[in-house]
Amino acid sequence: MAQRIALNPVERVSGFIQVEAAIDNNRVVKAKSKGLLFQGAKKVLSGRNLLDAIYSRQGICGICSTAHSVASSLALENAIGIYPSQQERYLRDIIQGCDFLQNHIRHFYQYTLTDFVKLTENMSLWEAECEDFRLPRNKNFEIAEHYSESLNITRSIQEILALLGEKISHNNRTFVGGVTKDKITAIKSFLHRIRQFITEKMIPDAFVISHYYSDYYKIGSGCCNFLTYGCFYGYKEFGTLYVKPGVYIKGKESAFDASKITEEADYSCYIDKKGIYGAMDMITDEEIGNSDEYLWIKTPRYNGLPCEVGPLARQWLSGDYRNGTSTMDRIIARVLEAKKIVDIVDVLFENLHISKPYKKEYVIPIHSEGAGYIDTAKGALCHWLKIDNGIINCYRIITPSAWNLSTHINNGIMGTAEQALVGTSIQNIDNPVELGRIIRSFDPCVSCATDVYSQGEYVKTIRVIP
């Protein structure tokens, strides 16, 4: 008979995630990923001034604030009908690239590393609970030292973001029509140090870990469908620096078609269920309706199928990395992407020539719709909005973690992370480290993946019992 275990909360992720698994003969036969954090980011904007979206949507997440500001700006530009110049876009994309870098370095060293590396005893706040440390003592010590060094590196990246955006998080300079900040000369001095750390320490550290944990190349493979909205592409001078929008479904690569994106809420905590929702459909009544519902994350699908988004999806669709689709492949893809991104940021800086502030005039339309598709550090992110009478009537967001952590739907197909967990061999049911390692490889951020808000009502209290 299968034994049910729960990992609650999954540690070292953004937000609150619970993983439930049915274990039979020490193997996962069924899994559920549950997003337990809730917020009402989308409904809050209904009836608000159009320009409130950029700044208020940064507040959806303190980690992903830059990503949401860019996606919101793109959606507004699409609705208004204005577009930044190439130079304006370079500066915005530099901000986005730096956001990639701080996220990838922080995720690898602060979130992933301690699954495989035992930190030094002088780090008093850290307590080892994992029993599966395999690195030789000298290798372990060397990589543990890089853990501390990575904090200074990510601080340098945050300084770049603060110089470009005036402050971080929740910057002031990602706005409709382009970025206005022109003081960039101090930033170049940081890039050499960041690139050196990535190439000389981060990438080698990841491959050392992969050598001693080679079994993780064989577990944690998800749905094997990949999606990207495109990343650093469409430049007049350069063409594509990374990857165009595309999908890889059932072994076949094809062009991305936005009309194939839908959301479902069959097993999410909503009473209002009609099956499949389009981009501008709102799910109005959020409440636990019956015992079959088990998470606050809705279920995005592409042509009815789950897709993985993030570094592995981009590396796969760009052709840069196609070694595999496992837990370790996600980790390797992320560190390799960091090197790719720092090179792209350098190219953009070398071609950035700002002589005066850039800002376009625009008129807010009475009625319009807009969408901002962008790939962020964690994966594919889109903001949709609808304008009626010059104000926001509808605002929708599908986040990367909604793609990766969504549940199964009535057709029985599980979500990406749930599929990745099934089939995993668990060595110690009382300490299922394998589950946490697999989930963390997706770099989940539940802060902006979940969405619950009922105007005039108290938020329900959910008691989390470890």
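Start at 1 and count along the chain as shown; that gives each residue its number.
Cβ atoms here come from the backbone N, Cα and C positions, even for glycine.
The annotation Ni(2+) binding site is assigned in TrEMBL to Cys61, Cys64, Cys445. Feature annotation from TrEMBL assigns Fe cation binding site to Cys64, Cys448. Marked as Mg(2+) binding site by TrEMBL: Ile397.
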In three-state DSSP terms, the structure that the residue listed as 'Mg(2+) binding site' belongs to: strand
Binding-site residues compared (Cys64, Ile397, Cys445) - highest count of Cβ atoms within 10 Å: Cys445
Integer Å distance between the CA atoms belonging to Ile397 (Mg(2+) binding site) and Cys445 (Ni(2+) binding site): 14
Cys64 (Ni(2+) binding site) - helix vs strand vs coil (DSSP): coil
Secondary-structure category, per DSSP, in which Cys445 (Ni(2+) binding site) falls: strand
Pairwise Cα distance for Cys64 (Ni(2+) binding site)/the residue listed as 'Mg(2+) binding site' [Å, integer]: 13
